[in-house]
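Novice: Pasting the relevant annotations from TrEMBL:
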- 23, 24, 25, 26, 27, 28, 29, 30, 94, 148, 149, 150, 151: GTP binding site (BINDING)
- 30, 67: Mg(2+) binding site (BINDING)
Ligand SMILES: Nc1nc2c(ncn2[C@@H]2O[C@H](COP(=O)(O)OP(=O)(O)O)[C@@H](O)[C@H]2O)c(=O)[nH]1
Ligand SMILES: [Mg+2]
């Protein structure tokens, strides 16, 4: 059964915000997006069969292949869901970093995924995050840093990650723009908070679109 509320199957796409998902290759972007899609679907009353336990346990993570280009994940609006206008998630592979900027303008918000269990690549992540925050096309757009793979025993602690990625300073220099969540795409840790952040970012994008449409146009 189709869970979309629109009569035209893809009519919702026009009003849906796009969230750009970037981070180094192997940081866990595809697995996280798979979990978001599963979480979104499970909140769909239309998709829940009788006796289904509105699911709290994470679904098994999807098998992923390295994302070599860009992938779109479309989450249509669902009745009673957190995303009344639906959401589009765009993943751009870590190896495509030189062209990430092509997707900044369309993005309403950004997810930046960090592998918390790979200390040797944290300096690279720190530089990429700094660059994202400096980019004029992303100015004031909500950004969420996902400290992923926290299930791994050798994952760094939140305070260690804070120090290496300079998260405290970045939050001070970008007040209200930067959120940080400790997550695990594998175990589902932090997923509820992530869904709430996505819902807030999508709502802010919708409000901004309404405000822009009401602005008088200059000739
Ligand atoms: N332990 C652990 N492994 C993960 C997690 N998320 C992803 N992985 C693994 O990391 C590898 C890369 O994941 P993938 O989502 O393809 O990374 P991407 O290149 O950023 O899209 C895969 O082998 C995943 O199973 C996690 O939260 N915990
Ligand atoms: Mg991928």
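Each Cβ is built from the backbone N, Cα and C atoms, and glycine gets one as well.
Surface or core, plus neighbours and distances: that's what I need for these features.
Specialist: Reduced to three states, the DSSP call for residue 94 (GTP binding site) is helix.
Reduced to three states, the DSSP call for residue 30 (Mg(2+) binding site) is helix.
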Novice: Return the count of C-beta atoms lying within 10 angstroms of the C-beta of residue 27 (GTP binding site), excluding that atom itself.
Specialist: 25
Novice: Can you go through the binding-site residues 27, 30, 149 and pick out those with a C-beta less than 6 angstroms from ligand 2?
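Specialist: So the answer is 30.
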Novice: Give me the long-range Cβ neighbours of residue 149 (GTP binding site): same chain, 6+ apart, Cβ under 8 Å, in sequence order.
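Specialist: Sequence-distant Cβ neighbours: 27, 28, 115, 116, 117, 118, 155, 184, 185, 186.
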Novice: Have a look around residue 30 (Mg(2+) binding site) and count the other CB atoms within 10 A of its CB, chains all included.
Specialist: 23
Novice: Which secondary structure state does DSSP assign to residue 149 (GTP binding site), in the simple three-class scheme?
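Specialist: DSSP assigns residue 149 (GTP binding site) to coil.
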